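Enquirer: Copying in the features that Swiss-Prot gives for the protein in this structure:
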- 1-35: transit peptide (TRANSIT)
- 36-306: domain 'Deacetylase sirtuin-type' (DOMAIN)
- His157: active site, proton acceptor (ACT_SITE)
- Cys165, Cys168, Cys206, Cys211: Zn(2+) binding site (BINDING)
Amino acid sequence: MILLTFHTRRLVSHAYCGLKPASQKKSIALEMTRPSSNLADFREAFAKAKHIAVITGAGVSAESGVPTFRGAGGYWRKWQAQHLATPEAFARNPSRVWEFYHYRREVMLTKNPNPAHLAIAECETRLRKQGRKLVVITQNIDELHRKAGSRNLFDIHGSLFKTRCTSCGRVKENYKSPICPALDGKGAPESDVQDAKIPVEQLPRCEENGCSGLLRPNVVWFGETLDSNLLGEVEKELETCDLCVVVGTSSVVYPAAMFAPQVAARGVPVAEFNMENTPATTSFTFHFHGPCGTTLPPALARHETELIS
């Protein structure tokens with residue numbers, strides 16, 4: 001992870017490298033147009049596309065029962081997620097932050113992909129057999145795309161099920177439940193629950209020989225930058241795709257909020273599937289309103305021009 005200094009050539013042209021909510025950023029100037037909701041027209045663009053980039057956010061997982069931590073109900077205990085998901089919060093109170101992430105991990109172990117995740121994964125597999133390409137660029141850290149079967153996957157904000165040692169830097173998959181004995185039964189989200197105040201030495205620790213450093217979730221926190229190599233790969237996909245599909249994103253967290261509008265700016269069709277309009281909606285070719293699990297499967301289903309294999 002490169003901090004502070006990384007800038008891509010085009011996609012992050014305004015230094016939107018750090019993970020930040022839109023309230024801390026200037027708004028993007030968008031062309032004010034009304035996107036189409038004509039599914040037949042989208043399907044025509046879909047049939048012609050050879051390289052599809054699918055960008056997903058929290059909305060695609062909401063139908064799996066995953067808490068989004070947005071809006072008036074977006075609290076864990078009395079804290080908003082953006083106040084817990086920071087390096088400063090972890091430095092001040094690693095026990096509280098680990099309780100929060102332990103809760104999220106335990107919730108996710110009970111969740112399954114919904115029809116939107118499955119439609120994306122099935123489409124990727126089907127198009128691969130036709131010599132076409134579909135990649136998924138997700139802001140989600142829940143791994144539901146991977147669980148659904150997606151393979152060309154960029155988890156740009158990391159994963160709940162990977163840890164990083166604050167001492168040696170080792171990143172490792174971790175699906176333990178609980179992740180450590182001291183967190184067993186902890187992390188309840190209700191506002192009247194008190195912090196467990198777990199001693200730091202009892203929190204998740206690195207198991208590398210001679211290390212035993214404190215582990216942290218391997219996710220990108222607010223104020224941190226995305227991995228430069230990963231962001232460079234994402235940039236290449238977005239610069240070469242000929243169709244972009246945006247699913248369940250709020251378009252308010254940077255740098256991901258810039259991805260689809262800049263694809264649209266080079267004349268590539270962009271289709272948004274969401275429960276509501278976003279700050280970027282008017283820059284897109286298509287907008288399909290409704291639950292992603294309902295609207296997306298027919299949009300990505302086999303087209304009549306596709307060869308059956």
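Using N, Cα and C of the backbone, Cβ positions are placed for all residues, glycine too.
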Enquirer: How big is the Cα-to-Cα gap, in Å, between Cys206 (Zn(2+) binding site) and His157 (active site, proton acceptor)?
Expert: 21
Enquirer: In this predicted model, what is the average pLDDT of the domain 'Deacetylase sirtuin-type' (36-306)?
Expert: 95
Enquirer: Would you list the other residues of this chain near Zn(2+) - those whose C-beta lies within 8 angstroms of the C-beta centroid of Cys165, Cys168, Cys206, Cys211 - in sequence order?
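Expert: Other same-chain residues near the Zn(2+) site: Thr166, Ser167, Gly169, Arg170, Arg205, Glu207, Glu208, Ser212, Gly213, Leu215.
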Enquirer: Hey, does DSSP put Cys165 (Zn(2+) binding site) in a helix, a strand, or just coil?
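Expert: Once the DSSP labels are grouped into three classes, Cys165 (Zn(2+) binding site) ends up as strand.
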Enquirer: Using Cβ-Cβ distances, find the residues under 8 Å from Cys165 (Zn(2+) binding site) that belong to the same chain and are at least 6 apart in sequence, listing them in sequence order.
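Expert: Result: Cys206, Glu208, Cys211, Gly213, Leu214, Leu215, Arg216.
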Enquirer: Take the C-alpha atoms of His157 (active site, proton acceptor) and Cys168 (Zn(2+) binding site) and report the distance between them in angstrom, rounded.
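Expert: Distance between the two Cα atoms comes out at 21 Å.
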Enquirer: Cβ distance under 8 Å to Cys168 (Zn(2+) binding site), same chain, sequence separation 6 or more: which residues?
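Expert: Listed in sequence order: Cys206, Glu208, Cys211, Gly213.
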Enquirer: If you count CB neighbours within 10 Å, which one among the binding-site residues Cys206, Cys211 has the smallest count?
Expert: Cys211
Enquirer: Would you count the other CB atoms within 10 A of the CB of His157 (active site, proton acceptor), including those on all shown protein chains?
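Expert: Within a 10 Å radius of the Cβ of His157 (active site, proton acceptor) lie 20 other Cβ atoms.
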